[in-house]
Amino acid sequence: MIANKKIHQKAKLHADCCEIGADGQPRCIIAELESSESSLDKESSLDKESSVGGENTTATPSDVPDPSAAAYENLYQQILNCIVLECGIVLHSVFVGLSLAIAGDEFVSLYIAICFHQFFEGLGLGTRFATTPWPKGKKYVPWLMAFIYSLTTPSAVAIGIGVRKTYPVRSRTALITTGTFDAMCAGVLIYNSIADLMAYDFIYSSEFKDKSTKNMLAAYFWLAFGAFAMAFIGKWA
């Protein structure tokens, strides 16, 4: 009897809270309230599940990486690589020109070796300039850097010719100075070639992604061949 009485009271409450809607159909206010409460409970449970350890895992606009910032950083890195490579080669070319100017009987062999040496260095530097997307307003920079490189060795040769009579080639001070700067240039060039040039071409560049093993082996072969050729020329340079 008690259960039947409760059911009767609940039905009467629903009947009292029902009204006729604008479309002529009966509408129950309690049913709508219960439906809205159920949907709110579901949303609350989803919000609790999305947070782990009290931290909300919902991605915010600040969490999404900015593609323009990544592109700018990549461009900045390429330009910095060109500048570091230019500085190392130019400083090295100064002592190459001085060595050629004060050379004695080994002038011919040294001249041929330096021609090949400077040619391949200029080729590598020019390739790096050509593949770098220079920003607008800075298009003149690679041309200026190439012009400076082309004048470095001839200018050093002219300076060497002017001081060859007074410059003590075999003196302790001259050998220490030349060796120190050569070591500095070698360190800059080795770091730049391994950490910047080779890493960018073989690891980060999109040109070598999803390439066949044959193409990768060919690229490594020509890299090793170029290193061997420069080392072989360095015997006389």
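Glycine is no exception: its Cβ is also placed from the backbone N, Cα and C atoms.
What TrEMBL records for this protein:
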COMPBIAS  39-50  compositional bias 'Basic and acidic residues'
REGION    39-65  region 'Disordered'
TRANSMEM  94-120  transmembrane segment
TRANSMEM  140-163  transmembrane segment
TRANSMEM  175-195  transmembrane segment
TRANSMEM  215-234  transmembrane segment
Intrachain neighbours beyond the transmembrane segment (175-195), with Cβ under 8 angstroms and 6 or more residues off its ends:
81, 84-85, 87-89, 91-92, 95, 98-99
So which residues does the transmembrane segment (140-163) touch in its own chain, when a touch means Cβ under 8 Å and the partner is 6 or more beyond its ends?
82-83, 86, 89-90, 93-102, 114, 118, 122, 125-126, 129-130, 132, 134
